[in-house]
Every structure is written in structure tokens, then in C-alpha cells.
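Below is one structure; the comments refer to it alone.
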Amino acid sequence: MRLSTREKVVDYLILTIFGLTALVPLVGVVLSAVTPPVENHGGFALPSRIDLGNFGAAWAEGRFGQYLLSSLLVTAGVVVLTTVLAILAGFAFARLRFFGSGVLFFVVLAGLMLPAEAFVIPLYFNLRTVGLTDTYAALILPQAAQSLGFAIFWMRNQFRAFPTEIIEAAKIDGARDLRVLWRVVVPPSLASIMTMCLLVAMWTWNEFLLPLVLVSSEDHRTAPLGLAFFKGAHLTDYSLLSAGGVIVALPIVAAYVFLQKRFISGMLNGIGTR
Amino acid sequence: MTMLREKSPERIPAPQVRRSRRKSRAGFFYVLPALVVFGLFLGYPLLQTLQYSFYDWDGLSASTWAGFSNYFSVFTDAALRDAFGHALVLMLFYAVVPIVLALFLTALISRANRLRGMGFFRTVLFLPQVISSVVVATIWVSIYSPDGLLNGFLRMVGLGSVTRVWLSDYSLALPAIGFVGTWVNVGLCLVLFLSGVGTIEPSLFEAAQLDGARAGRQFFAITLPSLRGQIAVALTLTVVSALKTFDLVYVTTSGGPGTSTTVPAFEAYNRAFTTGQVGSGAAVAVVLTAVIMIVTALIKRIQPKESG
């Protein structure tokens, strides 16, 4: 069906207006980050000169190098742990019949909608008792637990759609379940596994409450947590705050720009089930 | 795995018997590692939250049994009642406004999936979704600041008299936070609805047009019913995100001025970790969790059966 010119113009106009609404605050924060601090009053004015020193200042004063490293370690840890556990569990729920599988899957599903508030309070006291607060483990393990509901559900759907004949053929050739999983089922599913990894990485990178509660030393602060404390210390230094914000958001935004198709389709398919 | 292999007899002629016997144990061992992590760091603490909510505890000294008093205070304590009231206001901004707005836009551009450059708009509209809420919060702190973008814009269009310090205003701080939710969610809703519209058979619109149905009628007769699934998804996501609001409040106002922007998630955190009312915080967390579960279940009912 062809659209009339008038309809097209209206469509583009509306999409542009809303696209701009989404973009203006984001472009503004980038502009603000390169505005010399003395000129910056919080408004998004075009700076008279570009001052990249804000990034250096924020990096040094805000210890963002340390925070990014923490975020990177935690995100990598959560993604690897969640992926391995979810592939195993998802395969079992999709392909193997075992006692209690229905009940167990229901339990995992129930975890999908749980807000972090539901378990973070005792978690803090438990981890403190065993001396795990203020460690990367305290950030990785609970975050992985929180991601598992979605990840297992995602992998189960993927493995259920996997052609049964191929699995049967591999079994007739004498392969055992674990071998079938890693050699036959996982390789063609890599695209879907990648999408899951991206979403889990994004949620982990952006998570705020768990790091806020579970770490107190600066050494283990993740990037968003670092930014929140930085904001508390530099209430009205909008240049520094914006530079910090750009530093924290950049890794995810860069990944999103390169892999946006995967992000969007993953979120549209995935978040609907969360 | 070797242990399992030894247990299952190696040469039983009927393959089905062998497979199902082996599976009945092996499957459980595949799930076990995930269940251990899930149980230790989520399931068990969840039960403990329930337990804590029946005690008075400051987090240090011995706890005392409190019965249901922590739950009663959710309804009687003005601060807590307000927090849940604020969550309702946020739902309006996070869910109702973006969905209505996105539906209206979808009605206007109901065949936009066939536009060139749609992928670009989708990417841009979705962008606020991928940015950490703490970054979003700092952006909007700057926009709402005394000389920030919003006040600057108001002065420019001659509305200098309405300018104010938005996040310090008792009656406007909450709507100001709510509007950030609108900004984050409107793109999500629009992208969801447009992708739903893309699956509608174009001949339906053509037939309606031939019958002389105007755009408005086409929307209510064709577009809206076809979008039921997408609306349910959008409603679930946005309502839950309104109920879960924490980062935004923590970074922008910490519940202030006064208690005008407290929300349940913030109260749960604050009570448990700053004011030494762990039991009360746990009760708020339990009620919040229950509300989220109930709301999600209710919204699921408007979803068409075939999509789950």
C-alpha cells in the first residue's frame, strides 16, 4: 500500500518531534559535559568553547576509572554465570522430563517479577554475616540470581523451538545429553544467547539498588553508584556531573548504537515476559 | 556425570526405557546449579523478608515479635500511606500518559511501519530505555535546576512567572519526577504499538477506507483491537516501573521536599538501612511486592489468550 504524500509528511513530522524530545536531553547532557564550568548554569546552551577537561576532572575527582572497572568486572561475571546456568537449566526445562520440573519452573517464573526490594534487606544482613558485603561476589551472585528468571525462561523458549529431529539424530549417534547440548544445540542458538547476554549486561550495568545496599567501600562501587555519590558531592557543578553521566552511559549507549536491532528485538520479545 | 552413567545400566535393548530413566535424574542436575544460586540469593532472602516483617528490629540489637503491626502501619502511618499514594500518581505519569499519547500518535501514523527511516526513529525513541536511571536522574536534575533548560525555555516563551525550582516545590516535585517517567516510557510504548500495527493486514485498512470509514473509526475498529496484546505489555512494563521507582527518587530528591516525593521502594530502603526500622521496611517491601504481583496478574487478563 502506498502512503499519500500528506500522510507521509504528517508521519515524519510527528516522529521527528518525538525523536527530538527523546534526543534533546541527551544531546544537552553531552553539550553540558563539554561546557567550561564557569559558563554552565544547568541550561543547555551552546558552549563558547569546547572544554574536554571536564572529563579528565570527573575521571580524576570522581574515580570513574575505578567505578568503570568494577562495573566491567561485575557485568562480565554476571553475564558468564547467568548464561552458563541458564543454558543448562533452560535445556533441562525444555527437553528433559524430570521429577518436579513443573513446580521448579513455576518457581523460576515467579522470580521474574520480583522487585529487588523483596529480597535485598535480608540479603544484606546474610552477606554481612558471612563476610561477603563489599566484595565483587556480593554484587555478582545476587544480580545473577535476579537475572536467572528471565534468562532461564528465554533459553527454554529458544531450546523448545529447536528442531527435535536434530537432537534425536545426535542421540542415535551416541551423544549424551550434555554433549548434545554444547555441541549440537548451543552453536546454532548463539544469536539468541547473544541477545540474552546483551539484555542481562545492560540490566546489570544499570542496576542501582543492589550495589547501593551491598557495597560500602569505594573500591567496589559500580559506575551508576559512583555517579550518584559524585552528584551528592558536586550538587551544582553541572559540567562535572554531565561529564560523569556521559562516562557512565557511554558504554551501554555505544553498544546499543552498534547492536540496536538486537537490543530492540530482544527487549520487545523479552521484556514482555518480565 | 560419571556417577550417573554408572548407575544407568548400559545395555538395555529398548532405547526409550533407558532414556527416560536416565533423564528423570539428569534433568534435575542440569537445573540444580541455577536453583542453588536462585535459592540462596533470592528465594531464601524472600522468605526472610516475610519473616522480618513480623518483627521490630533495628538491625543491631535483638528483635521483638510485632505481629501484624508493621502491616497495620502501612495503612495508618501517614508517611507510608503517602508513599503508596505517590506511587499511584507516578502510575499516571509512567503508564497512563505515555500509553494514551502513544496510542494517539499511533492513530495518526497508523501505517508508519512502511515508512523509510523507521529503523532510525525506533532507535532514537528507544534510547532513553537503555540509559541508566541514575544518568537519567542527573540529566533531569540539571534540566529542572533554577537556570536549567526548563526555566530557560519558559522565560524564552514569556512565561517567566511560572519558573521555579521544580524539585524543591512541595506540590510540583512529584509531577516533575513523574514527567521523567513519561519521557522514558513514551518511546517504548510508541515503538511497541507501531510494531503491533505493522502486523495488521493492510487490506483491512483498504477495505475500511472503501467503506468510507474515516481515520478515527479505522482506529477504534481495527487498530485498537489489534493492539490489545501490545497494550497489555506496555501497561505491565510501565505500571511495574512506576511501582518500582527508586533510583530516580533517590538521586533527584531523596523523598523531599518534606516527604512529598517518597515512594514505597524508597521507604523500604530508607527504613531498613537509614532509620533502623528493618521490620517496617520489610513490611513495606512485602506489600509492594504483593501489589506488583496482583497488578501484573490483573493486566495479564486483558491480554489475548494466544499471545500468552
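Note: Cβ is positioned from N, Cα and C throughout, glycine not excepted.
Small disclaimer: the values here were computed from a predicted structure and weren't measured.
Positions annotated as domain 'ABC transmembrane type-1' by TrEMBL: A:68-259.
What TrEMBL records for A:12-34 (among others) is transmembrane segment. Same-chain neighbours of the transmembrane segment (A:12-34): 40, 42, 44-47, 50-52, 54-55, 238-239, 242-243, 245-246, counting only residues six or more beyond its ends whose CB sits under 8 Å from a CB of the stretch.
Feature annotation from TrEMBL assigns transmembrane segment to A:67-91 (among others).
Within the chain carrying the transmembrane segment (A:103-124), a Cβ under 8 angstroms from the stretch's Cβ atoms is held by residues 89, 93, 133, 142, 145-146, 148-150, 152-153, 156, 207, 209-210, 213-214, 273-274, all 6 or more beyond its ends. Per TrEMBL, the feature transmembrane segment maps to A:103-124 (among others).
TrEMBL lists A:136-155 (among others) with the feature transmembrane segment. For the transmembrane segment (A:136-155), the residues of the chain that approach it from at least six positions outside its boundaries are 70, 73-74, 77-78, 81-83, 85-87, 89-91, 93-94, 105, 108-112, 114, 116, 119-120, 123, 127, 192-193, 196, 199-200, 203-204, 207, 210-211, 214-215, 220, 222, 270, 273-274, judged by C-beta separation under 8 angstroms.
Residues or ranges marked as transmembrane segment in TrEMBL: A:180-205 (among others). Same-chain residues lying 6 or more positions outside the transmembrane segment (A:180-205) and placing a CB less than 8 Å from one of its CB atoms are 71, 74-75, 78-79, 82-83, 86-88, 91, 143, 147, 150-151, 154-155, 158-159, 162, 166-167, 170-171, 222-224, 251-252, 255-256, 259, 262-263, 265-267, 270.
The list of residues near the transmembrane segment (A:238-259) in space but at least 6 beyond its ends in sequence, with Cβ under 8 angstroms from a Cβ of it, reads 29-30, 32-33, 35-37, 40-42, 51, 54-55, 57-59, 61-62, 64, 67-68, 71, 198, 201-202, 205-206, 223-224, 226-227, 230-231. Annotated transmembrane segment per TrEMBL: A:238-259 (among others), in sequence order.
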